[in-house]
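What TrEMBL annotates here:
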type   : residues : note
DOMAIN : 377-413  : domain 'SOCS box'
REPEAT : 120-142  : repeat 'WD'
REPEAT : 143-178  : repeat 'WD'
REPEAT : 201-242  : repeat 'WD'
REPEAT : 243-284  : repeat 'WD'
REPEAT : 298-332  : repeat 'WD'
Amino acid sequence: EEPVLLAELKPGRPQRYDWKSSCETWSVAFSPDGAWFAWSQGHCVVKLIPWPLGEAELGCRTSERKSRGGKAETRSRGAAKEKTLECGQIVWGLAFSAWPAAEDGDTDPACAVGLPCLVLATGLNDGQIKVWEVQTGHLLFSLLGHQDVVRDLSFAPNGSPILVSASRDKTLRVWDLSRDGVLLPSGDTFLLSPGRQVQVLSGHVQWVYCCSISPDCSMLCSAAGEKSALLWSMRSYTLIRRLEGHQSSVVSCDFSPDSALLVTASYDACVIMWDPYTGEKLRTLRHVPLHSTLDSSSEIHTSSLRSVCFSPEGLYLATVADDRLLRIWALELRSPVAFAPMTNGLCCMYFPHGGFIATGTRDGHVQFWTAPRVLSSLKHLCRKALRTFLTTYQVLALPIPRKLKEFLTYRTF
């Protein structure tokens, strides 16, 4: 089935700055439990929206959301209220923690700094990372250390309070949010000294665009304006290897839900699927332009990829490219199984329980698309269960037939 546009949300705020530098939706995020959606809608604003959207919104092609300034709560559905986070700077990266939401009525900021609740981290244009309590919309603290734009953020999926940030200052930084820092008063909020900083990872020579922690929390992949991606150990914070194979800048990366696969997307119009344990290139997915969808007068580089992400069950990929298409790929095939036309796409993310894809655009819009729903085969479920705790080397050492080893290591399907 081709993806169907369910809703498109547009910022209602009037344009205040040059559109090239302020209104893009560089990042979107779903909370791990699927209860919240965060939308970087441009103009230094993030919207926290309870999920699912209302039936009226999902039934409409577009829905405008007006910004009222401050931390306005513009809509209430039960205990969850939509919130507007005024970040004060252009927002580039978003990430939810994996921790459960706070109990109803537990809105004590001091308690929240101890991190018993769901939080949202926002990476800003000035190098700050602002951390917000989702349930209340309160700003908890800011993490200081980066010297340039914080382009991407990734929380450890296992629920530990570890946050990794990627920046245009060519470094990645690892933060432990459970550590005590020195709170410095700044108006009505607090800035946090770098006491929570655990490690600075240096190795890139260009801006770092993307970072992704593997679901088993053993590895970190980072992509910069270089032809190779870097793979790091999350245990020793040392470089494991460079993944070389792209012909242009690598800009996006993501791990499969069982940590057995890693995908990287590049301006060279290719997605490469890797075995992160061995560094082996398993297959390459090439984005062939569909000429009927392109405007011949356009000056964009139609081959440039912007974003790639895995589906929750690990059988599909979604990609966004400058050729005005959202593509969905099945892992075993080398050509897309579905397309959807979209203009100026910048990012994409699957709903954690499947069935939807959210995409952000250069115009500050966010779009919600249907995605293929699949009943995983027993074979895939067994493979996924085994690969969540077995590395490729451990699989290869098992006393089992070669064909089964090839299946378990994704060499065959």
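In case you wondered, yes, glycine gets a Cβ from its N, Cα and C as well.
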Q.
Counting only residues 6 or more past its boundaries, what in the same chain has a CB within less than 8 Å of a CB in the repeat 'WD' (201-242)?
A. 148-149, 151-158, 160, 162, 164-168, 170-174, 248-259, 262, 264, 266, 276, 279, 388-389
**Q.** Tertiary contacts of the repeat 'WD' (298-332), as residues 6+ beyond its ends and Cβ separation under 8 Å
**A.** 3, 251-258, 261, 263-271, 273, 285, 287, 289-290, 338-354, 357, 359, 369, 371-372, 374, 376, 380, 384, 410, 413
Q: Average the pLDDT scores across the domain 'SOCS box' (377-413) and report the rounded value.
A: 96
Q: Would you mind splitting the repeat 'WD' (243-284) into helix, strand and coil residue counts from DSSP?
A: 0 helix, 24 strand, 18 coil
Q) Which residue counts does DSSP give the repeat 'WD' (120-142) for helix, strand and coil? A) 0 helix, 14 strand, 9 coil
Q. Counting each residue once, how many in the repeat 'WD' (143-178) are helix, strand and coil under DSSP?
A. 0 helix, 19 strand, 17 coil
